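Since the structure comes first, as structure tokens, the remarks are kept for the end.
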Amino acid sequence: MAENREVILANFQACTGLDDVGEAIFHLEEAQWDLVVAVNRVMPQDSQEVLPDAVPLANHIPPSFISEPMDESLPLVHPNHAYGPQYDPVYAPPSPPLPLLPLEPETVVMPPSRNLDLNMPDLMPSTSRGSNAMMYTFKVRYGNSEETYEMPEYSTIAQLKNLIYQRTNITPACQLLTGWDIHVSDHVLLKNLGLPREITLLLASLAVENDTSGVMEDAPPDPKLKNYILNVTHEKKNHKKTYRLSFPGSHTVLQVKNDVYTCTDIPARHQMWIGWPIGTTDRSMLHETGVNSEHSLTVTSSTELTGHNSASSSKASRYTVDQTNHDDSDASSEEFEDASASLEGDIDHEIFIDDMPSNKLRSLVPSDASDEMAGAINFGEEFTNRYGSGYPSFYPGSLEDAIKDSCLKPAKDRKLLAMYIHNDKSVLANVFCTQLLGAESVRGCLSDSFVVWGWDTTHPSNKIMFLNSVNRSLGNVAGQTIGLVPEDKYPILVILMRNRNNTEIFRIVHGNIGVSELLTCLLEAIEVFAHQQSLDLKDEEERFARESIKVEQDRAYQASLAMDRAKEESKKQQEMLEERERERSQREREEQENLRETQRVQLESGLPPEPEEGSKDIIKIRYKLPEGGIIERRFLAKEKLKYLLDFLTVKGYPTENYKVITYPRRDVTSLDQQLSLAELKLCPQETMMVEER
């Protein structure tokens, strides 16, 4: 609000000539900061008329308009001429005297007429300029044919189009000429374009291109495509400079301010303007403001208001007086001549025709971009530097990554992808950025439902890099489709969406559309995307249900398999333990057997020999074995009990496991083995029972 009041205060002081800031604020406060009401309070209504603009015509002035020789440096229009633009004197802010641009020889200025058609076929090059005029040769190619046209330097583009019309029957409104290095308008003189003496142009018929959309060849021209010449005078403290700028009718006032910023280094928020019709806003298009085809404006910087000297104030006051007394034709003419004379010395080097300095505009993607990611990041930064922050955020990564983060996500998180492809060579670039992408409805739509990725194809190397990336990510068909878009259709907005299992181009929006058409395309894409997303969500839910069942089945199978494996492993472990136990037992048995065998051999070798049958003092022992068998052995009566038991051990019945019982019952294994058999009073024949312990 504070910034708006600063602008209103500066406009009020410029309109009224009041240098006292306190007095100016007093009047604005009384008018509740309404600029028009405050101006009406301070200035009388009859001092607020604006000089009407005039339209220059070359060589084609009807004789009835010229009654006597005229000074070519002065306009022939009277401030109250009936043909002038009808501004309401109550609402029109006063304008300072506009600097007069030098007119070409034999060129006069006439008031604009409602019945005057600047594209009439009879506006042909005049021969009255003399034979020393430089001639331009235009080779115009249309289809497979080529026509050559010779035009003098004082001819206009409109006259060239009329000549082309005579040979091709393509009306000037339907002619599209390409091959210029700069943007040109129909009423610019050839000598002011800086063209070579010979130039080749390509001709296309807009009527043929628009047949599919039902546009008739004789349809009225779109006012948005009309070109406007704005003579913008930049006033400084001790210096002023005039720029002659060309803009299409679709350009907004804000875009004009931004473009003027590149010429004057005055940011749009600090620009103070004089000459716009009442009711003009930053969003107004040129064709809606009511300005003429050629219009003069004055711009100053609000930061320099405090430095305005008294000469500026007196100049504004003098202009107010001149406007108030405009009925006095002699006084007005004299003041006008003085103003013209004072500017005559500086006007030649202060006028720049059509060309605007381009060195202030840095490429959104530099020609030496190392890779796609670096170029995309640079695009977002430079776009913000050039147009401001009130735009959708651009994805800081490669096109492949942008597709992954938008179209290849799960259906519930998926978004549309909008590829904004910029080209500074197109006259529609600034219009599309400031008016379409900057529109609040478009910005909100893109921010909510899209991932926006940007690239600049102004440099051929960047265009090749971009098309290669499209071929890799989307396929050759998509790359060819985008590559065939002509340069004059740029900038373009390529809308991508996921359709089932494919990422496809939904629509390519060209730069020559309005906000409503763009918003309609975006909403249509969102609607189609929402429908497809619901189908994809349903498919994903069904797929998730199937996968869940499969996962449960796999989990149950894996659990069962794990149990079987555990059982098998347990069985193997058990068998292994049993095998180890068997092996251990086997080893123990073998060891015991070996030990017993060793003992047996030792005991057997230690046994005394068995006495012969019939020998004296022998005892015959019969052993009844546990299995029922009987073994016999003869011993001498003097031999010890130990030998009797050792013999039994040799036969496999050790005393550790077996006991020997006599009758009456007596366990001889418990007796002293060093006693002799005679001491134990064993009969000459004894039967012993061998029992397991």
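Glycine is no exception: its Cβ is also placed from the backbone N, Cα and C atoms.
Unlike curated records, TrEMBL annotations are generated automatically.
Taken verbatim from TrEMBL:
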- 291-340: region 'Disordered' (REGION)
- 291-323: compositional bias 'Polar residues' (COMPBIAS)
- 562-614: region 'Disordered' (REGION)
- 564-599: compositional bias 'Basic and acidic residues' (COMPBIAS)
- 614-690: domain 'UBX' (DOMAIN)
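Here the compositional bias 'Basic and acidic residues' (564-599) has long-range neighbours at 649, 652, 654, meaning same-chain residues at least 6 beyond its ends whose C-beta is under 8 angstroms from one of its own.
Shown for the compositional bias 'Basic and acidic residues' (564-599): DSSP residue counts in helix, strand and coil, namely 36 helix, 0 strand, 0 coil. Residues of the domain 'UBX' (614-690) grouped by DSSP class, helix first, strand second and coil last, total 13 helix, 29 strand, 35 coil. Mean pLDDT of the predicted structure over the domain 'UBX' (614-690): 86.
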